[in-house]
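What TrEMBL records for B:47-234 is domain 'Dihydroorotase catalytic'. Residues or ranges marked as Zn(2+) 1 binding site by TrEMBL: B:His57, B:His59, B:Asp151, B:Asp304. Residues annotated as substrate binding site in TrEMBL: B:His59, B:Leu60, B:Arg61, B:Asn91, B:Asn277, B:His308, B:Phe322, B:Gly323. Annotated Zn(2+) 2 binding site per TrEMBL: B:Asp151, B:His178, B:His231, in sequence order. For B:Asp304, the entry in TrEMBL reads active site.
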Amino acid sequence: MRHLLSAADLDLDQAVLVLDTAGQMAATQAREIKKLPTLRGRTVVNLFFEDSTRTRISFETAAKRLSADVINFSAKGSSVSKGESLKDTALTLQAMGADAVVIRHQASGAPHTLAHSGWTHGAVVNAGDGMHQHPTQALLDAYTLRRHLVGDGGRADVTGRDLAGAHVAIVGDVLHSRVARSNVQLLRTLGARVTLVAPPTLVPVGVHAWPAEVSYDLDEVLATGPDAVMMLRVQRERMSGAGGGFFPSPLEYTRGYGLDARRLALLPDHAIVLHPGPMNRGLEISADAADSPRAVIVEQVANGVAVRMAVLYLLLAGGDTARGRDDGGAGRAGDGQERTDVRTDETRVHA
Amino acid sequence: MTTYLLTGARPLGGDPTDVLVADGVVAALGAEASRGSGVHVVDADGLVLLPGLVDLHTHLREPGREDAETVESGTRAAALGGFTAVHAMANTSPAQDTAGVVEQVWRLGRDAGWCDVHPVGAVTVGLAGEQLAELSAMARSAAAVRMFSDDGRCVHDPVVMRRALEYVKAFDGVVAQHAQEPRLTEGAQMHEGVVSAELGLTGWPAVAEEAIVARDVLLAEHVGSRLHVLHLSTAGSVEIVRWAKARGIDVTAEVTPHHLMLTDDLVRGYDPRFKVNPPLRTADDVEAVRQGLADGTIDTVGTDHAPHPREDKDCEWGAAAFGMTGLETALSVVQAVMVDTGRLTWSDVARVMSSAPARIGRVPGHGRPIAVGEPANLTLVDPAARRVVVPEEQATASVNSPFAGRELPGRVVATFLRGRATVLDGTLVEAGASVERASGRHGAHA
Ligand SMILES: [Zn+2]
């Protein structure tokens, strides 16, 4: 792996490796001193063209825990109408010697363009692009699912395990959701079965080509006993006529697709509830569902840091294991530097 | 003016014959075409001779975006592509919505001298879709405009479209529609389908084109006027036009070279070279437009040559401009997908790329038979040649070709505009340059 642009970039082995590495990273986070020296001297740039404090802080925390230097570059408000800002910004970052660029952009494909344009030589991590992909979100969701659903409900070691046999329902605005797109691909790679649940106006034309089933009826899907329900955030502007009028009213949406106590009770005992946040309480999820013991929403945030540490580690410091899985490319920027440190430092993540 | 003898040329791909070009006309054919003194002989053995190509759909960008293209650079590209007449679309800055602007563009074309430039007049003031532009003044100007279009935008208000169709009847004009229902395509980035769903790009559904085509053919029937559908791109649109023609509606349709060859699969790499409006569609749509062109449902190939400066394409997909260059590759693409596959003959190519567009655009002197006494607007093609497209080597000022790096068949060896060679041996001939040294297709610019 030279970049992480899409959940589809990961094959089964790579996906499991990221989850296992995240597990090791999480273990170090239980220590008193959380900071690892692994990426000392490396520079990670958080390049955010779209506001997302949560995601930015998660990446920033992950990079800092690995001792990387972090530059936060918020390009919000800068003009992208001519497209010059992405190119010019990337060239600036290149001049500053960024080893990795974590990019969030409102345009689908912008991270892909950044990675393939020659504007930067660093590793590119997609932190969410338009309606396209958000691969680290899918990885943290998969990590969370594996912790709860695999290995005797999390009581046994899950290292090396995938999600074969698990059934996950993804509910809500699939049409505009990069989280849904990423999750469908990654969950499928990991062997899980996915059912998308949404009103027909929020299901993309072309969804029949996806490795997922589609239902318009949440109660029907819940009755089949999914192992997990992943609720998607609904943007309030999707309700108005100006934004497209994808459904008639918030109340009608909540009636059809909101997760409340009654629907929660339809789930099997072991099932968990995920949400990428921030939640619209009372719209796609009721307060009692959000705060129920089945909801692992707060845990998702913590797992996000471990997963992003794993991704940055594998892209920037990855030792033999990661390199062995590289697709034979000419290596990444800075490759070959300080790799011995990784194996001798206190983390010994692949020892 | 130099007299040319094309030896062994195959008019419309037929039997080899000699063709004498003198005094601006086809002066003699066959045995009559003797080589007198001072005649410049062009070895055309095995080459296909076509009437000069006519494009109904060229963006020359001048006035306003001379950084993308000028009338001069665009018409050089046209000549190299085998064109002797192009229609310059109205979406310039200022728009070609007055007699003054269309005359300016027409004069720039005449002064450049590479091919005839026929400005397209805007249908509405500022292409805003609200108030009819002074269509009659443009028709009566020196530019003698006969084709009107807000291309780039759809004339979506049905009343405005109806009035335009009615009004141009007074001077035998045609309204050329960019069929795009605006509400169904808000924010659209590519064809709506499997690939857009995967890439998370807002889709441009086929029905947004088809709904307007269907409405417009019915409006054209109702008011009894001529409608031309620009860059038709979907299987459904082909069906509607086929139905309309069977019903006797006076509608013509056009397809671009890129919609004849490329599919939305190419968008997977987010390369803005493949961003175009209407978008690249599916393999089924490509098959349907090929079939439509083969069976005559689609009348013409129009390039929709849409040059953009490098910075408008050297960016992320969402910020990139829509459009592709096409003048210098159009004939090769048509040869590749239609001629070399046996779906069209060279005679058919002459129809869809010369006589039909000349008729639709009411262009005198172009798209004529290759016969004695006809104006010598001619294109000589080597169908056996192959070349890799290198945009930087083209005459167009922009490099946004979707065919860059592809090998395509065919090469325009010579282009004649009223008897003057604008291209010889595949190279532009500056006006007034001597061609006396030239001794054949490999010697002209050795
Ligand atoms: Zn157009």
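For all residues, glycine too, the Cβ spot is worked out from N, Cα and C.
Unlike curated records, TrEMBL annotations are generated automatically.
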Quick check: with B:Asp151, B:His178, B:His231 left out, which same-chain residues have Cβ atoms within 8 Å of the centroid of the Zn(2+) 2 site Cβ atoms?
B:His57, B:Met89, B:Ser149, B:Gly152, B:Ala176, B:Gln177, B:Ala179, B:Gln180, B:Leu230, B:Asn277, B:Pro278, B:Asp304
Under 8 Å by Cβ from B:Arg61 (substrate binding site), counting only residues of that chain that are 6 or more apart
B:Ala68, B:Glu69, B:Thr70, B:Gly74, B:Thr92, B:Pro307
Around ligand 1, within a Cβ distance of under 6 Å, which of the binding-site residues B:Arg61, B:Asn91, B:Asp151 show up?
B:Asp151
What does the structure give for the C-alpha distance between B:His231 (Zn(2+) 2 binding site) and B:His308 (substrate binding site)? Integer Å is fine.
18
Among B:His59, B:Leu60, B:Arg61, B:Asn91, B:Asn277, B:His308, B:Phe322, B:Gly323, which the record lists as binding substrate, the farthest-apart pair of C-alpha atoms sits at a distance in angstrom of 17
Out of B:Asn91, B:His178, B:Asn277, B:Phe322, give those binding-site residues positioned within 10 angstroms of B:His59 (Zn(2+) 1 binding site), comparing C-alpha atoms, in sequence order.
B:Asn91
At a 10 Å cut-off from the C-beta of B:Asp151 (Zn(2+) 1 binding site), count the other C-beta atoms across all protein chains.
26
By CA-CA distance, flag whichever of B:His178, B:Phe322, B:Gly323 among the binding-site residues is nearest to B:Asp304 (Zn(2+) 1 binding site).
B:Gly323
If one measures from the C-alpha of B:His57 (Zn(2+) 1 binding site) to the C-alpha of B:His178 (Zn(2+) 2 binding site), what distance in angstrom results, rounded to a whole number?
11
Listed binding-site residues B:Leu60, B:His308, B:Gly323; those within 10 A of B:Asp151 (Zn(2+) 1 binding site), CA to CA, turn out to be none
